[in-house]
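Structure record follows, encoded as structure tokens.
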Amino acid sequence: MGVTAKIAPSMLSSDFANLASEAERMLNCGADWLHMDIMDGFTTYDWFVHNFVQLLYSFVLIRHFVPNLTIGAPVIESLRKHSQAYLDCHLMVTNPLDYVEPMGKAGASGFTFHVEVSKENWQELIQIIKSKGMKPGVALKPGTPIEEVYPLIEAENPVEMVLVMTVEPGFGGQKFMPEMMDKVRTLRKKYPALDIEVDGGLGPSTIEMAASAGANCIVAGSSVFGAPEPAKVISLLRNSVQQAQ
Ligand SMILES: O=C(CO)[C@H](O)[C@H](O)COP(=O)(O)O
Ligand SMILES: [Fe+2]
């Protein structure tokens, strides 16, 4: 297949009060990347506004992307002072363009934006992400058809990773959606050398499905942080990906 396994513990499940030591612990357990979930806080009010406006005008007015608030560039900057690790940043925000410059300055390594909120400006986004020294990726929610990311992979200036969400974005600890594996299979068949990341509900009981479908970048939060021996889970995830290849 020509792609390498990357195991990325999701720091959303870490003890945020001890982020630097949690990061170091994960790297010592064999993590390749650290997955950082950036969210912008979708309230019930926003949900009503969003759906009401969609219904009336059949265009999208999204004020916030997910119903949760996590971290932003200042926390990435703080962590960067303690770690040289690859920080795989997953931007669950409505206006990713506003975040590129601060995230680049803060020391993010990968910048993955959502296709659902970047239909108009993905070309500009990819170009600016690269100019700030980050690796551009695109993510898609469970309800978004896989065809929507093809133009971004086939562009002259393409994304370098596709993140297939296997839960609804917003929270760790949700149940893996096996039906998303069709998207992974389709992508892998079409793009043998592409980095394909899966995110949400990955762990020892679900990794075989993701690995055999062709995913090579594995985000795992609760299954790694909740394990008595995280190193064993990380190694199991990696072995599954390598064996599937
Ligand atoms: O993007 C995310 C949530 O929106 C997280 O990365 C994801 O949920 C990881 O946590 P877990 O492995 O516990 O499902
Ligand atoms: Fe994520």
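Keep in mind that glycine also has a Cβ here, set from the backbone N, Cα and C atoms.
According to DSSP, Asp37 (active site, proton acceptor) is assigned to a strand segment. Taking Cβ-Cβ distances under 8 Å and a sequence gap of 6 or more within the same chain, the neighbours of Asp37 (active site, proton acceptor) are Ser10, Met11, Leu12, Thr70, Ile71, His90, Met92, Gly172. Annotated active site, proton acceptor per TrEMBL: Asp37, in sequence order.
Look at Asp199 (active site, proton donor): DSSP puts it in a strand. Counting every protein chain shown, the Cβ of Asp199 (active site, proton donor) has 28 other Cβ atoms within 10 Å. Sequence annotations record features per position, and here TrEMBL assigns active site, proton donor to Asp199.
What TrEMBL lists as substrate binding site is Ser10, His90, Gly170, Phe171, Gly172, Gly173, Gly201, Gly221, Ser222. With a 10 A radius on its CB, His90 (divalent metal cation binding site) counts 27 other CB atoms from all the protein chains.
Here TrEMBL flags His35, Asp37, His90, Asp199 as divalent metal cation binding site.
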- Ser10 (substrate binding site) - helix vs strand vs coil (DSSP): strand
- Task: Please report the DSSP secondary structure of Gly172 (substrate binding site), reduced to three states.
- Result: coil
- Kindly point out which of the recorded positions Asp37, Gly170, Gly172, Asp199, Gly201 have a C-beta less than 6 Å from some atom of ligand 2. Asp37, Asp199
- Of all the Cα pairs drawn from Ser10, His90, Gly170, Phe171, Gly172, Gly173, Gly201, Gly221, Ser222, the residues the record ties to substrate, which distance is largest, in Å? 17
- Rounded to a whole number, how many Å is the Cα of Gly201 (substrate binding site) away from the Cα of His35 (divalent metal cation binding site)? 14
- Task: May I have the list of same-chain residues other than His35, Asp37, His90, Asp199 whose Cβ is within 8 Å of the Cβ centroid of the recorded divalent metal cation site, in sequence order?
- Result: Ala8, Ser10, Leu12, Met36, Asp88, Cys89, Thr112, Leu163, Val219, Gly221
